[in-house]
Amino acid sequence: MLLGVNIDHIATLREARKINEPDPLEAVFLAKRAGAFQITIHLREDRRHIHDYDVERIVESSFLPVNVECSTDKQIVDLLCELRPHRITLVPEKREEVTTEGGLDLLGRFEILKSRIAQFRENDIAVSLFVDPDITSIELSKELGADMVELHTGTFANLHLMLRSNLPKTPHAIPALEMDRRSLSLAYRESLLTLQKAAQKANTLGIEVAAGHGLNYQNVSEIVKIPEIIELNIGHSLIARSIFTGFEAAVREMVELLGRGD
């Protein structure tokens, strides 16, 4: 299974002081040396971490494929069509959110998504859609002409945290998931089954499958067992681990974990 390294939070650290370091571009070369498959960055409308010049420099300099996550915002879409990264992943976006909270509303935004996908295709850019892991979303992704879907693993990841970590004992416990362990265990197994079914459906329709959101060193072992998923995009847990082990070592460790699913 391939690893896409999301380096947004290197830029988050830079923006905390609003200076010029750490430089996300430096991480691109370290990720390659550690065995990563691609670089993933999110150019948000509010530019809270990655900026336009970051995208330009990374696309121009990276020896690895670059996957840029973005909304359907016209200014951003036009810019990315000029820069031409390897792939675009269209994601939903709310300015008030801490991180992406769910998959795209494919039905409600069908026409704008179709238009943006066509524009990227005209510029020879592959398109992935960040979707909730349900059959309807997969079928709509096929109808829209997506090359790939990235399955939102947030529910699975949150259940894993509440079931198998100390999160329930911290101020960041998830209120909606405060339930007994038996209920958590059942919901956890159901979330895995949902991901498996969505991946299988996409595979039968000829759509490549990636996954991401909330994945870490503790929970990826379950995801690598799903053979239809060929790529994971992981950021926060890698950057968090790198504080203690170094960035290159953190990436290499994750690459090794994903390799166990081959």
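Every residue gets a Cβ built from N, Cα and C, even glycine.
Here is what Swiss-Prot records for this protein:
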ACT_SITE  His42  active site, proton acceptor
ACT_SITE  Glu69  active site, proton acceptor
ACT_SITE  His213  active site, proton donor
BINDING   Asn6, Arg17, Gly214, Gly235, His236  3-amino-2-oxopropyl phosphate binding site
BINDING   Asp8, His9, Arg44, His49, Thr99  1-deoxy-D-xylulose 5-phosphate binding site
SITE      Glu150  site 'Transition state stabilizer'
Return only the integer: C-alpha distance in Å from His236 (3-amino-2-oxopropyl phosphate binding site) to His9 (1-deoxy-D-xylulose 5-phosphate binding site).
7
Round to the nearest Å and give the CA-to-CA distance linking His49 (1-deoxy-D-xylulose 5-phosphate binding site) with His42 (active site, proton acceptor).
8
Restricting the comparison to the recorded positions Arg17, Glu150, Gly235, which residue's C-alpha is spatially nearest the C-alpha of His9 (1-deoxy-D-xylulose 5-phosphate binding site)?
Gly235
Closest by Cα to Gly235 (3-amino-2-oxopropyl phosphate binding site), out of the recorded positions Asp8, Arg44, Glu69, is Asp8
The correct three-state DSSP answer for His236 (3-amino-2-oxopropyl phosphate binding site) is helix
For 3-amino-2-oxopropyl phosphate, with binders Asn6, Arg17, Gly214, Gly235, His236, what's the maximum Cα separation in whole Å?
25
Other C-beta atoms within 10 angstroms of the C-beta of Glu69 (active site, proton acceptor) total 24
Report, in whole Å, the straight Cα-to-Cα distance of Asp8 (1-deoxy-D-xylulose 5-phosphate binding site) from Arg17 (3-amino-2-oxopropyl phosphate binding site).
15
Subset of recorded positions (Glu69, Glu150, His213, Gly214) lying within 10 A of Arg44 (1-deoxy-D-xylulose 5-phosphate binding site), CA to CA, in sequence order:
Glu69
Can you tell which of Asp8, Glu150 has the most other C-beta atoms within 10 Å, given these are the recorded positions?
Glu150
His49 (1-deoxy-D-xylulose 5-phosphate binding site), Cβ-centred 10 Å count of other Cβ atoms over all protein chains shown, is 21
